[in-house]
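Q: Supplied in structure tokens, the structure appears directly below.
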Amino acid sequence: MYIRQDYSKYFLDIYGQVDFMPVSAKGSRMYDADGTEVIDFAAGIAVNSLGHCHPELIAALTAQAQQLWHVSNIMVNQPALEFGKLLTENSCCDKAFICNTGTEAIEAALKLARRYNLKNFGKDRHKIISFKNSFHGRTLFAVSAGGQSKYSEDYAPLPTGISHAEYNNLESIEAMIDESTAAVIIEPIQAEGGIIPANPEFLQKLRELCDKHQAILIFDEVQTGVGRTGKLFAYQHYDIEPDIICLAKALGAGFPIGAILVKDKYSSGFEIGSHGTTFGGNPLACAVATKAFSIINTPEVLDGVQQKAQLFRQHLEEINNKLDIYKEIRGKGLLIGMELNDNYAGRAKEIMQAGFKNKVATLMASPNVTRFTPSLIIPNEDIMLGCQRFLDGLLIWQ
Ligand SMILES: *Cc1c(COP(=O)(O)O)cnc(C)c1O
């Protein structure tokens, strides 16, 4: 049996993990080798949207594992076709490209946007506008698009032609957008940046602004997509449609898969040979993702998200009335953020560690915000028990 400390012997130390090492999990409970049980309010990082080891996902995975795992993209396969149909029929977009991670989805969306503009308007229309404090993943293009310099500053020279406007500030982007703008990329709720939702009016005006300048509007729904906010996609809360949607995290409910969805108008941005991936669209990932998507895309699960979010809010408000640690509880659906009071500023990591010590897994989103992203079907009793453990953990820590 290996121990937590063996990690640094074999791996590049880039994560700074907690001490708890799960060996198995079921639903919203994880267990280590000693049988210690931890309630999971993190679900990976907004990934295991149907909890751990969901029986229907196990069935889909094992059935496909007996049949066909991987074929190259020289061939078409049945699970990919079924998944592509689901994605396009249930979104405002018409065509899909399947990859493996969120970063790759961002990379594909930005490349498509640049290429579409090159082919239709010439090379001067290549600029990308993103937003300060945003997070879009870790490849060089993605960290450059992201609006947090701590992720990009050590990797210069960075790709050029990217600028960052103020989030929720229309004047800021109005001053930047022009005939050289190829695309605007935005998270409808800034997740890693601290669970900051876009104002509806801001997003609606942004849509109008992109239409006026014929800029492609890309929604990074890697964290908000596939039911997390109580609707299938977060854009559906805002009464507008993006041109491209980026998805990953919950898309495979724990199996690695990502995708971009594109409106017909822009689908010519990629042609045969202009982009690709070895593993994207493999039958195993698509079979699991199809099952996950079908389960999540039901009134039962999506309405349940709203109800469970309500339950969380009640418990969290009670906890905060007792302890007075947070100044705001916010978010949408089961993407929950709690911003620390000024006298606790910068201590979200300690709180996450205090939770683990008391057998509840939570996350942070920036140094000032505690984040919960539980399974969309977390049982109500696990919400209650986990919140109790969270409170007790905070009492010990405080
Ligand atoms: C996690 C995340 C990404 C990156 O996804 P990976 O699968 O880690 O590459 C991109 N955008 C947002 C909004 C994310 O939350």
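Placed from the backbone N, Cα and C atoms, the Cβ positions cover glycine too.
The structure displayed is predicted, hence computed values, not measured ones.
What TrEMBL lists as pyridoxal 5'-phosphate binding site is GLY102, THR103, PHE135, ASP220, GLU221, VAL222, GLN223, THR278. What TrEMBL lists as N(2)-acetyl-L-ornithine binding site is ARG138, THR277. Taken from TrEMBL, the feature N6-(pyridoxal phosphate)lysine applies to LYS249.
For each feature listed, report its degree of burial, its nearest neighbours and the pertinent distances within the displayed model.
A: Its own atom aside, the Cβ of PHE135 (pyridoxal 5'-phosphate binding site) has 24 Cβ atoms within 10 angstroms in the protein chains shown.
With a 10 A radius on its CB, ARG138 (N(2)-acetyl-L-ornithine binding site) counts 16 other CB atoms from all the protein chains.
DSSP gives LYS249 (N6-(pyridoxal phosphate)lysine) a helix state. Neighbour list (LYS249 (N6-(pyridoxal phosphate)lysine), Cβ cut-off 8 Å, at least 6 residues apart, same chain): GLY44, ILE45, ALA46, VAL47, GLY102, VAL222, GLN223, GLY225, VAL226.
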Q: Go through THR103, GLN223, THR277, THR278, our binding-site residues, and report the one whose Cβ sees the most other Cβ atoms within 10 Å.
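A: It comes out as GLN223.
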Q: Can you tell me how many other Cβ atoms are located within 10 Å of the Cβ belonging to ASP220 (pyridoxal 5'-phosphate binding site)?
A: 34
Q: About how far apart, in whole Å, are the alpha carbons (Cα) of ASP220 (pyridoxal 5'-phosphate binding site) and THR277 (N(2)-acetyl-L-ornithine binding site)?
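A: THR277 (N(2)-acetyl-L-ornithine binding site) has its Cα 20 Å from the Cα of ASP220 (pyridoxal 5'-phosphate binding site).
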Q: Which of these binding-site residues (ASP220, GLU221, THR277, THR278) have a C-beta closer than 6 Å to some atom of ligand 1?
A: ASP220
Q: Looking at Cβ-Cβ distances, which residues of the chain lie under 8 angstroms from GLU221 (pyridoxal 5'-phosphate binding site) while being 6 or more apart from it?
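A: For GLU221 (pyridoxal 5'-phosphate binding site), the qualifying residues are GLU187, PRO188, PHE233, ALA234, TYR235, ILE245, CYS246, LEU247.
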Q: With every protein chain in view, how many other Cβ atoms are within 10 Å of the Cβ of VAL222 (pyridoxal 5'-phosphate binding site)?
A: 28
